[in-house]
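Here's a structure for you.
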Amino acid sequence: MAENGDNEKMAALEAKICHQIEYYFGDFNLPRDKFLKEQIKLDEGWVPLEIMIKFNRLNRLTTDFNVIVEALSKSKAELMEISEDKTKIRRSPSKPLPEVTDEYKNDVKNRSVYIKGFPTDATLDDIKEWLEDKGQVLNIQMRRTLHKAFKGSIFVVFDSIESAKKFVETPGQKYKETDLLILFKDDYFAKKNEERKQNKVEAKLRAKQEQEAKQKLEEDAEMKSLEEKIGCLLKFSGDLDDQTCREDLHILFSNHGEIKWIDFVRGAKEGIILFKEKAKEALGKAKDANNGNLQLRNKEVTWEVLEGEVEKEALKKIIEDQQESLNKWKSKGRRFKGKGKGNKAAQPGSGKGKVQFQGKKTKFASDDEHDEHDENGATGPVKRAREETDKEEPASKQQKTENGAGDQ
C-alpha cells in the first residue's frame, strides 16, 4: 500500500515537472521569454539542466536531474528532447515555434478567456489546480494592480478555440461556492469599452448637474446679497465740479453712515453710493448736519434713494465691479510672489528666482483599464509586471516582462 502511495506521488510530481518544462518551451511562453531565447541560441537549442533548476517554480518541484529526465521521458507531448549525457534538454527541432503573424495573434485572442471571481489571496497554484479538468490551458495571466496585488481576475489561453468555447459555455461555474464571471477576452474588452462610454455619458451628466447646482447656489447667494443691500443705494447727480472725487463723499458722510462702495469716477456728473446700512437714514443724518443743504464742492446735488428694478440693476453692477476689483488685486498679488528681497525682481541672467522642473511625464494604468495585450508579447511603451503568469527564469536573471513568474 505504501509503495502504491509513493508511486502515485511520484507520478503526480512527474506530471507537474513535465507541465512546467513544456510550458517554458511551449508555443505561448518561449516567444516571450528573452532569457530562454538567449539560452537556446548558445548550443543548438540545448539548455543545461543546471540552468533549468534555477527557475523558481521548477526548483520548488525538484533539483534532481534524474527525476527531471525520467519525467520528460514519459511525456506524451513529445515536445522535449534529452541529450545523450542526460544533462541538457531542448525543444524538439521537429516541432518549431509557430510564426507570430496577425493570423496567429488573432487565433490566440479567440481562444483567450477572461475569468473573474477568485479571492484576492488565491495563488497561481490554486488557480491551476481549479483549471486542471477544464481543458488544456497554455497560459494563465493573473491580473494585478499597480501595487502587484491580485485583482481576483485572470486571462486564460486554451489550446484550441473549441476548448475555450466549451469552457465559456459551461453554465454555473464556481470557485469555492463563488459564482464566476466568464467571457471571451474580446467580449470582455467590448464590455469594458461600453462601460467606459456609459461612464463618460454619466460623468458629463453629473458635471452638467453639478454646474447647474453651482450656478443656482451662486444665483441664490447673489440674490441674498442683493436682498441684504436693498435700500442701501444712494444716487447723486448734478453739475458737479470736475475735481469732485470719492474722498469728498467719504468726508461728507463720515459721521452719518458707513460707505461700502462708491461707483463714481472723477469728472462724471453722477454716481452711486452703497452704504452698509439704509441709505435713507445716512442721507437724513447728513442733511440734518448741513441744515438740509447737502452740497459737493459748493455745487447743488440731487440725492435719490434707489428702489425697484433700477436699484437691482445698480446693485448687480456694483457686485460685478467688486468681484472684478478683487480678481485684479489677487492677480497683482501673484505677480509679486517669487521676487527677491526688497520686492525687487530677479535680474535677467542671474538665475535667481528661477525654478525649472525636468523629467518624464508618467502615465499610470488604472485598474481594469489597460489590459489590451498584443498576443506576441509586444506591449509598446508600457512595461508589464512579471507576476502575471507562471513564466519564470533563474532568479538571478529575472526579466521584467508581462508574463513573469506567478508567485516568486
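The backbone N, Cα and C atoms fix where each Cβ goes, glycine too.
Keep in mind that this is a model prediction, so the values were computed, not measured.
According to Swiss-Prot, the protein carries these features:
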{"type": "DOMAIN", "residues": "7-99", "note": "domain 'HTH La-type RNA-binding'"}
{"type": "MOD_RES", "residues": "S92", "note": "phosphoserine"}
{"type": "MOD_RES", "residues": "S94", "note": "phosphoserine"}
{"type": "DOMAIN", "residues": "111-187", "note": "domain 'RRM'"}
{"type": "MOD_RES", "residues": "K116", "note": "N6-acetyllysine"}
{"type": "MOD_RES", "residues": "T120", "note": "phosphothreonine"}
{"type": "MOD_RES", "residues": "K128", "note": "N6-acetyllysine"}
{"type": "MOD_RES", "residues": "S225", "note": "phosphoserine"}
{"type": "DOMAIN", "residues": "227-348", "note": "domain 'xRRM'"}
{"type": "MOD_RES", "residues": "K328", "note": "N6-acetyllysine"}
{"type": "COMPBIAS", "residues": "329-342", "note": "compositional bias 'Basic residues'"}
{"type": "REGION", "residues": "329-408", "note": "region 'Disordered'"}
{"type": "MOD_RES", "residues": "K341", "note": "N6-acetyllysine"}
{"type": "MOD_RES", "residues": "K360", "note": "N6-acetyllysine"}
{"type": "MOD_RES", "residues": "T362", "note": "phosphothreonine"}
{"type": "MOD_RES", "residues": "S366", "note": "phosphoserine"}
{"type": "COMPBIAS", "residues": "384-395", "note": "compositional bias 'Basic and acidic residues'"}
What is the separation, in Å, between the Cα atoms of K328 (N6-acetyllysine) and K116 (N6-acetyllysine)?
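Spelling it out, the Cα of K328 (N6-acetyllysine) and the Cα of K116 (N6-acetyllysine) are 56 Å apart.
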Using Cα coordinates, what distance in whole Å links S92 (phosphoserine) and K116 (N6-acetyllysine)?
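Spelling it out, the Cα of S92 (phosphoserine) and the Cα of K116 (N6-acetyllysine) are 36 Å apart.
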List the helix, strand and coil residue totals of the domain 'RRM' (111-187) as derived from DSSP.
19 helix, 30 strand, 28 coil
Rounded to a whole angstrom, what is the C-alpha distance between T120 (phosphothreonine) and K128 (N6-acetyllysine)?
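Rounded to a whole number, the Cα-Cα distance is 15 Å.
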Could you give the Cα-Cα distance between K116 (N6-acetyllysine) and S225 (phosphoserine), in whole Å?
55
Please list, for the domain 'HTH La-type RNA-binding' (7-99), how many residues fall into helix, strand and coil according to DSSP.
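Going through the domain 'HTH La-type RNA-binding' (7-99) residue by residue, I get 47 helix, 10 strand, 36 coil.
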Averaged over the domain 'RRM' (111-187), what pLDDT does the prediction give?
94
What is the number of residues in the domain 'xRRM' (227-348) that are helix, strand and coil, as DSSP sees it?
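Split into helix, strand and coil, the domain 'xRRM' (227-348) gives 52 helix, 22 strand, 48 coil.
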I need the least crowded one of these modified residues (K116, K128, K328), counting other C-beta atoms within 10 angstroms of each C-beta.
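Per-residue Cβ counts within 10 Å for the modified residues K116, K128, K328 bottom out at K328.
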Going by a 10 angstroms cut-off between Cβ atoms, which of the modified residues S92, S94, T120, S225 has the sparsest surroundings?
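Output over modified residues S92, S94, T120, S225: least Cβ neighbours within 10 Å is S94.
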Between K128 (N6-acetyllysine) and S94 (phosphoserine), how far is it from one CA atom to the other, in Å?
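Distance (Cα to Cα, whole Å): 29 Å.
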Rounded to the nearest Å, what's the C-alpha distance separating S94 (phosphoserine) and S225 (phosphoserine)? Just drop the number here, would you?
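It is 87 Å, counting Cα to Cα.
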